[in-house]
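J.: This is the structure, below, for whatever I ask next.
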Amino acid sequence: MSLLMISENVKLAREYALLGNYDSAMVYYQGVLDQMNKYLYSVKDTYLQQKWQQVWQEINVEAKHVKDIMKTLESFKLDSTPLKAAQHDLPASEGEVWSMPVPVERRPSPGPRKRQSSQYSDSKSHGNRPGTTVRVHRSSAQNLHNDRGKAVRCREKKEQNKGREEKNKSPAAVTEPETNKFDSTGYDKDLVEALERDIISQNPNVRWDDIADLVEAKKLLKEAVVLPMWMPEFFKGIRRPWKGVLMVGPPGTGKTLLAKAVATECKTTFFNVSSSTLTSKYRGESEKLVRLLFEMARFYSPATIFIDEIDSICSRRGTSEEHEASRRVKAELLVQMDGVGGASENDDPSKMVMVLAATNFPWDIDEALRRRLEKRIYIPLPSAKGREELLRISLRELELADDVDLASIAENMEGYSGADITNVCRDASLMAMRRRIEGLTPEEIRNLSKEEMHMPTTMEDFEMALKKVSKSVSAADIERYEKWIFEFGSC
């Protein structure tokens, strides 16, 4: 296969397309695309590959245009069904298609119309002879022809629509009911669209088993979100579901990961809200956004509103740094959260709306918000068992050497957060690659095979990674978190 052959085939395909021979043009276009695909495998230069891929896309667009023209020409072709269909050929079940008019039997009239009836009988008797003409009223014949044509066309159109509907009908469209759309009457369309973008429609794909340790936190979130939907009759009255849960802890301990697990496992509408979502430069619009958020959550209930870094939105009121606009937003948020408890208002736990919040600065949160977040749980640093489990989760896709002892590595990581442990694993997994490419030129690195790069991670790699990656949380920070949770915690 040569470039000259590809060039000649492209030239022939374009010439046939210009001459109107679209069938031959499509054959050449398809051959050119296949030849270019084979040629791309032999090209090693990245720049040339990009250029050839761009040319392939342009040729593919030309082929699609020719294909569209062929489809358009096919639609112009008349059906071979005769227009003058007999009356018994039409389906009797189609009520909207009028039946053809019944021929009226003409009887000879007395008196002066005798001559006309004789002419009619003569023409009727000689109708089968060649060269004789039959007198038929032009308007009635034309109407009969039009009625027959309309009936046939109506039947064909209905069959085409029915076939198209059956073709487009997928199993997902049959099984999944149509979701209700939020009525945005009274609100700006842009505000509604901005909040709808924060609804997580795609699965974050984080399971409870992907989170090491944190048994109490997972148990509480299941009790607050999952169990009320499984046992709605139980969670009523004083047993109503929790309206708010606050996750407190150092950075990197898995608070956001727990929220992703809630979005994956709990099958509720999940709103991922940040401070930028509820902030606007126009006066009064931020409060409208807060109110609209909770109204949409009630509409799509059961729902979970996750507010990460809630201290940036609802910090302590009455300070000198507070602005009037932020104070109004806090007031609206507090009012809406107090009215969020769907279970306490209509005794229907399946229509609940729960606020799930996370913060690294719980001492900066307003007292009224702290009261509304009824469950305040501490997300601590992982224990020795949790660190070992987290190592297994992070390294499950890697090939480890026989000398790797995860229990010993976990003991050396005391004081490390979950994010720190993940960074250690990532750095250790890159050590073998760094040793392999040391001293090589870019061309030699590009020519390395996959087998040479995928080497097992050794214990020495983890020891070197531990020397490079330090813990990010100090003992003084841990003491401050434990003091706050001892005073205000509600686990």
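The backbone N, Cα and C atoms fix where each Cβ goes, and this holds for glycine too.
These came from Swiss-Prot, pasted as-is:
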BINDING   GLY249, PRO250, PRO251, GLY252, THR253, GLY254, LYS255, THR256  ATP binding site
COMPBIAS  145-169  compositional bias 'Basic and acidic residues'
MOD_RES   SER42  phosphoserine
MOD_RES   SER109  phosphoserine
MOD_RES   THR133  phosphothreonine
MOD_RES   SER170  phosphoserine
REGION    1-75  region 'Interaction with dynein and NDEL1'
REGION    1-185  region 'Interaction with microtubules'
REGION    1-29  region 'Interaction with KATNB1'
REGION    87-185  region 'Disordered'
J.: List the same-chain residues at least 6 positions away in sequence whose Cβ sits under 8 Å from the Cβ of LYS255 (ATP binding site), in sequence order, or say none.
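T.: Non-local contacts for LYS255 (ATP binding site): MET247, GLY249, ASP308, ALA358, ILE379.
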J.: What are the other residues, in sequence order, whose C-beta lies within 8 angstroms of the center of the C-beta atoms of GLY249, PRO250, PRO251, GLY252, THR253, GLY254, LYS255, THR256 at the ATP site?
T.: ALA358, ASN360, ILE379, SER417, GLY418, ALA419
J.: What is the interatomic distance between the Cα atoms of PRO250 (ATP binding site) and SER42 (phosphoserine), given in whole Å?
T.: 52
J.: For a three-state summary based on DSSP, what are the helix, strand and coil counts in the region 'Interaction with dynein and NDEL1' (1-75)?
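T.: Helix (H, G, I), strand (E, B), coil: 68 helix, 0 strand, 7 coil.
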J.: Average the pLDDT scores across the region 'Interaction with dynein and NDEL1' (1-75) and report the rounded value.
T.: 84
J.: How many other Cβ atoms are found within 10 Å of the Cβ atom of SER42 (phosphoserine), counting all protein chains shown?
T.: 7
J.: I'd like to know which of the binding-site residues THR253, THR256 has the most other Cβ atoms within 10 Å of its Cβ.
T.: THR253
J.: Determine the most Cβ-crowded residue among the binding-site residues GLY249, PRO250, PRO251, GLY252, GLY254, using a 10 Å radius around each Cβ and all protein chains in the structure.
T.: GLY254
J.: Pop the Cα-Cα gap between SER42 (phosphoserine) and THR253 (ATP binding site) into the table, whole Å please.
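T.: On Cα coordinates alone, these residues lie 48 Å apart.
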J.: Between the Cα atoms of THR256 (ATP binding site) and SER42 (phosphoserine), find the distance and write it as a whole number of Å.
T.: 45
